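Undergrad: Pasting in a structure now, in structure tokens, and then I'll have a few things to ask.
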Amino acid sequence: MFCSKKKPLEVERVVKANDREYNEKFQYADNRIHTSKYNILTFLPINLFEQFQRVANAYFLSLLILQLIPEISSLSWFTTIVPLVLVITMTAVKDATDDYFRHKSDNQVNNRQSEVLIGNNLQKEKWMNVKVGDIIKLENNQFIAADLLLLSSSEPHGLCYIETAELDGETNLKVRHALSVTSVLGEDISRLAKFDGLVVCEAPNNKLDKFMGVLSWKDSKHSLNNEKIILRGCVLRNTSWCFGMVIFAGPDTKLMQNSGKTKFKRTSIDRLMNTLVLWIFGFLVCLGIILAIGNSIWENQVGDQFRTFLFWNEEEKNSLFSGFLTFWSYIIILNTVVPISLYVSVEVIRLGHSYFINWDRKMYYSERATPAEARTTTLNEELGQIEYVFSDKTGTLTQNIMTFKKCSINGRIYGEVDDDMDQKPNIIKKKKPMNFSVNPQGDKTFQFSDHCLMESIRLGDPKVHEFLRLLALCHTVMSEENSAGQLTYQVQSPDEGALVTAARNLGFIFKSRTPETITIEELGTLVTYQLLAFLDFNNIRKRMSVIVRNPEGQIKLYSKGADTILFEKLHPSNEDLLTLTSDHISEFAGEGLRTLAIAYRDLDDEYFKEWQKMLEDANAAAHEQGNRIAGLYEEIEKDLMLLGATAVEDKLQEGVIETVTSLLLANVKIWILTGDKQETAINIGYACNMLTDDMNEVFIIAGNSAEEVREELRKAKENMFGQNRSPSNGHVVFEKQQQLELEPVVEETITGDYALIINGHSLAHALESDVKNDLLELACMCKTVVCCRVTPLQKAQVVELVKKHRSAVTLAIGDGANDVSMIKSAHIGIGISGQEGLQAVLASDYSFAQFRYLQRLLLVHGRWSYFRMCKFLCYFFYKNFAFTLVHFWFGFFCGFSAQTVYDQWFITLFNIVYTSLPVLAMGIFDQDVSDQNSMDHPQLYKPGQLNLLFNKRKFFICMAHGIYTSFALFFIPYGAFYNTAGDDGQHIADYQSFAVTMATSLVIVVSVQIALDTSYWTVINHVFIWGSIATYFSILFTMHSNGMFGIFPKQFPFVGNAHHSLTQKCIWLVILLTTVASVIPVLAFRFLKVDLFPTLSDQIRQWQKAQRKARPQQSQRPQTRRSSSRRSGYAFAHQEGYGELITSGKNMRAKNLPPASGLEKTLSNSTSWIENLCKKTTDTVSSFNHTKTVKL
Amino acid sequence: MDRTSQSCRSRLPDNTALKQQRLPAYRLQLSATKVLSGFFATGAFCLGMGIVLILSAKSIKEIEINYTNICANCAELRENAINFDKECTCSIPFYLPDTMQGNVYMYYKLYGFHQNLYRYILSRSNSQLMGRDVKDVGNCDSFRKTHNGTPICPCGAIANSIFNDTIILSYNLTSSVRIKVPMLSNGITWWTDKFIKFQNPNSNNLPSAFAGTAKPPHWSKPVYELDEEDSGNSGFINEDFIVWMRTAAFPTFKKLHRRLNRIQYFTEGLPAGNYSFNITYNFPVTRFQGEKSVVLSTLTWSGGSSLFLGLAYTVTGAMTWLASFSMMAIHLMRKEKKMFFPSCQVKL
């Protein structure tokens, strides 16, 4: 946003490698990034300009201007300017510190080192000094400094692997490959230095998945696409080095182009507050008009006669004009009903709450040393009003870690029977996990405790061996052995990783692979299998197979896949085993495990050769290649022999179940929006208790057209109503047609739990305008909604839909870049600072490390914030009405002359000094019930959702309260002062004494009121409340002292007043009576409210008090056990096409490659393959990325 | 990424009561016993205080004589500003039925005179009045300078409109012997007013101190001649002037004019009998439909309080008791069928 202001719009970028002079003439942005807004010189003007754009500040500025007009001014200018300057300074300081930190982080990023090719050598250079056209060298695990054109890499064919987590949140590695013409440059510095290719490409943009350009070098042109580009923000992985040429730098990089301005979020309280301020302003104008009319009449009736008497030489006046001036004067006087300090105080309170979130040790995740972080400080109270939570699955609900839990081999279950390891430590002691130390290749983190399996392996049970062999052979994992001989696996999908690691730990170690062989170590002996065919996974097949020839020459087909698919392919002889295994699978699924069926087949040599020939034919065929191959695959994968099944746990994050249960109790609706497959999503739904078998019905919407989807939705709804009630059906239908406000009524009348599961493609139709309402209505009546296979854009659309039509507060929680759009569009976005990239966190308003902290964030921090903010606002409006409206009453006694009741200094200081701290302390520290109680009774959360603590009604109550107080505050002294004298006979009914009496009563009344409002009296509250009163008196006495008058006779004319007034008994009696009269009704009202209509928190407080003497009771929430129902799913998360990658050998390390001849052979068809692969991946990725970038 | 390199310990929030929101605190709770006993106590206090105040207000002896219309001829004379230099006196006889015990204070009382108008209150110069610079007429709008540019001293609308009636109280000792009741014109102002806020300019004699200034247009004599007998009471520190300058909060107000000098016949106060006020009628009130009166009053422990405060206290006390009785009734009724928390239905 900064680069574009000077330069004309760039249409096309021309970059020449290694030629800074050439590139300089285009004035491309260099690699320095600025996220900071100001520098020392521009800070003041820009910041002030920004601040006065805010309505409140502008309003007070205009008041200030009004005050400078002598005819209107009824208050000295300092009454406004002091608070205004204070407010502006505070904001400026905050902005300055924010910007300082941005400068710091900019500097830190800008000063990262990278190796740049300058002249003929590599030099260490800071990131900010990298220029477009430079060639830089990157090493493994380094962040990429700018958008680069990949030139060459350590890997064959100029391949390199990158992790794009920070860009799009995907952790699986992506392949980029250099043009073959540049990849031959290799590491040769001198050749690289001579490289002078000219790149002509698109202008900087924010599309992460598109790149168009042409490289002209050595008289030939090569077209460039996204596959040749590595973007800033990625991390280089598994590639020891690579060289790249900088195309876009700094602000032009796609990363920076994507980090657009974040939408400014406001809370609903904010909006309400703005409305109220407008109303108050209207009220103010009304008061002004009334008083102005009063003034006109008064001037006409009385003032006229006074004028000659009091104002000797004034001729101009007519009463209407005087009324007009009075209007403005009263606007100035009464402006304190909308105090400047309101906005500042709200900010301060929110900041305090944010700090509490940051400081909370109970939201600190020690394993990764991440505390919770409130990244936005302005949304806290909205956390107490959440009605809908939209959650991502992977990495949010689950840990994204797969563990091999159980298996069923040949009809026998292995693996711990009881999976409640955490809950029952004594069992662990008895049942030690298996000792894998005998196996040097074992993965230390692997935990699997069943000695029977070990025993079976040792005894050489052929089925068990076959089972493990299959696990070690049938997969797409890549292995890597480092210098120390440690094996590490590169996995595409964590499921596979879990299986291969399990086999490895059980003695069948996958060692290495070449395109034609797989080497495994079977219980200590190396065995090399010949890989004959690789029947890759895809979504329709839901299985994968390998065909290998073992050293004995037998050909075997090993297959693993979804049980539903695989069971149909079994040989009839398997029937008994099938039923047994099927039961086992159901059992596994019931525990929320992901299951796979495992089967093999022995193949005839001849049969296989025939088949292979057919496959080759099919591959070469021009037409229907895909179909023919699929048919062939189908043909060979039959008559399988069942071996068993595996169960992998997609580990839920700790505490997810408790959190979900508790949030559901708090009436928060949780929707899962995931890119995962339906089965996986449903499994997780069951695993974390959002779906249960007790549910009346789970609707699954999977239609493929708008019509179908609508039909399905309608049917589901009918179903729901039909089951629910027959008698009042018509009634409900009638209600439904009414406004959205009435919908909750409908909702509540639905008894029973329903769940809705909707697929991404159906969702696309459902989100169309006319089906939308059906979807929304149904979804909102369901207890749980699961959307699977949704794109990031759809996630955002769903959030928007609910946000727009339900006027409910939404929260989105996710960890990956695919959740960014949803996080940004929800009212509150929460980023899980997990393993995936930082994108989600950067876009979020709050971040923490574990899903379970959501419970505390909402139920404790959110609730408290909301509670405190509401209390604060109620009190604040009350206080200012009480403070200001006395002027209105006084108007009737002072000829509507805009005379203030109070001393001007009092007006200046009242809001910012005398009464600000106690209410701030309440706003920051108050607690109605303790955090433990908030967690134990999620129902306490409901008032926030229903907006009960501060709404228009409450506001009117506060207003009425304030008006009443101002009435008491004015008329009691008025009555008492009428015709009275001091105890020395001297008068006390003078204006100044009256002002002091009123001011003192006001300060005391509002202090007593805050004391009553504060339900949690900490030391700080004590200090602030007593301190405020003390401050009031000390300032009062100082300002009324002889010394001050001596120095500034004009500013402090109240000399001696405090002393005289406050030594009169009569005045203290007045103050006391005023206090009693203003507080007693409130107290009575509150007492009756608590007594007659106690809220839950009142009850809990009472109960707590009753319990205080007794032992603190631990609340026992029933442990929710997962119910068992048969669900199974093929849970491969990996992409199609990896089999091809493996069999082609493209991704093999040089040392693993077959002899040179083989290399040449593969080289010849490599290009076609790579392009194929790239096409495939970009197709899938781009459709997904495209939608996302729109949102970004 | 760079974050992880930092030491883990530093990122763990401190375990302090403040940061963990565990500050020891007293939870304020409106329990029935507390509230009800508080209410009863407050009610009792207010009732008691109210009765005491009413009684003491009743004990005050006060006599007020409105002389706006009694001296109608003078009032008429003052209607027209041309007659400002014509003197007009009138005498108002009255009978005091009871002795006024103790200190007796004489007030003048104005009805409908808005001393609290914004621009009126503003129209004064404190720095002039404290004697720093007699020519400083800063805020004294419309009474800053005379037509020929001489600064007015004291300037401003307040000073200009000073109450300038003289009121002399005579006691008819017998039907023929009238003696002037001795009155003190000092000690009627606040100490701070007399010695801090109002100061004559430094000079050996007053007229020279005010040289170069003009008297306010309504005044008949310059400020340094306010009290020709006592130079300590003349100029800005004239107590009548100071009293006037302390503007009243409401359009109806009384200001202390004189206090009884308790000598001779008056050591006990004002004895019952016939009195008369001799008033030099200077201050025009009919022009703004106001009224003026003279008040003689004694004091009580809380000053010259009116009945209002006592009544207000009594009413408040009664209301508080009423409230507490009904609250108690409601509470007791509730208690019988009260649900206690663990078993209660969640009702919001």
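Cβ coordinates come from backbone N, Cα and C, glycine included.
Note that the coordinates shown come from a computational prediction; the quantities given were computed from them, not determined experimentally.
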Undergrad: Pick the one from A:F534, A:F537, A:F699 that TrEMBL also lists for the ATP site with A:D392, A:K393, A:T394, A:E496, A:K560, A:R594, A:T674, A:G675, A:D676, A:R789, A:K795, A:N818, A:D819.
TA: A:F537
Undergrad: Using the alpha carbons only, what distance in Å do you get between A:T394 (Mg(2+) binding site) and A:R594 (ATP binding site) once rounded?
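TA: Taking the Cα atoms only, A:T394 (Mg(2+) binding site) lies 14 Å from A:R594 (ATP binding site).
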Undergrad: Within 10 Å of A:D815 (Mg(2+) binding site) (Cα-Cα), which of the recorded positions A:D392, A:F537, A:R594, A:G675, A:R789?
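TA: So the list is A:D392.
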Undergrad: Could you pull out which residues elsewhere in the chain have a CB under 8 Å from any CB of the transmembrane segment (A:872-893), counting only those six or more residues past its ends?
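TA: For the transmembrane segment (A:872-893), the sequence-distant neighbours (Cβ-Cβ under 8 Å, at least 6 residues beyond its ends) are 269, 273, 276, 280, 287, 290-291, 294, 330, 333-334, 336-339, 342, 345-346, 349, 899-901, 910-911, 915, 919, 922-923, 950, 954-955, 957-959, 961-963, 965-967, 969-971, 974, 998, 1002, 1005-1006, 1009-1010, 1013, 1078.
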Undergrad: What does the structure give for the C-alpha distance between A:R789 (ATP binding site) and A:D392 (active site, 4-aspartylphosphate intermediate)? Integer Å is fine.
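TA: So the alpha carbons of A:R789 (ATP binding site) and A:D392 (active site, 4-aspartylphosphate intermediate) sit roughly 11 Å from each other.
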Undergrad: Could you tell me which three-state DSSP class A:D819 (Mg(2+) binding site) falls into?
TA: helix
Undergrad: Sort the residues of the domain 'P-type ATPase N-terminal' (A:15-81) into helix, strand and coil with DSSP and give the three counts.
TA: 33 helix, 2 strand, 32 coil
Undergrad: Any contact between the transmembrane segment (A:905-925) and the transmembrane segment (A:994-1012)? By contact I mean 3+ C-beta pairs closer than 8 Å, pairs at least 6 apart along the chain.
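TA: Yes, these stretches are in contact.
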Undergrad: Are there at least 3 C-beta pairs under 8 angstroms linking the transmembrane segment (A:994-1012) and the transmembrane segment (A:955-974), leaving out pairs fewer than 6 apart in sequence?
TA: yes
Undergrad: Checking distant contacts: for the transmembrane segment (A:1067-1088), what same-chain residues at least six beyond its ends satisfy Cβ-Cβ under 8 A?
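TA: Same-chain residues near the transmembrane segment (A:1067-1088) but 6 or more away: 882, 961, 964-965, 968-969, 972-973, 976-977, 988, 993, 997, 1000-1001, 1004-1005, 1008-1009, 1012, 1061.
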Undergrad: What same-chain residues lie close to the transmembrane segment (A:1024-1047): Cβ under 8 Å, and 6 or more beyond its ends?
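TA: For the transmembrane segment (A:1024-1047), the list is 903, 905, 909, 913-915, 917-918, 920-921, 996, 999-1000, 1003-1004, 1007, 1010-1011, 1014, 1053-1059.
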Undergrad: Tell me the Cα distance separating A:D392 (active site, 4-aspartylphosphate intermediate) from A:F537 (ATP binding site), rounded to the nearest angstrom.
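TA: A:F537 (ATP binding site) to A:D392 (active site, 4-aspartylphosphate intermediate), Cα-Cα distance: 25 Å.
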Undergrad: Whole-number answer please: how many Å between the C-alpha atoms of A:N818 (ATP binding site) and A:D392 (active site, 4-aspartylphosphate intermediate)?
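TA: A:N818 (ATP binding site) to A:D392 (active site, 4-aspartylphosphate intermediate), Cα-Cα distance: 9 Å.
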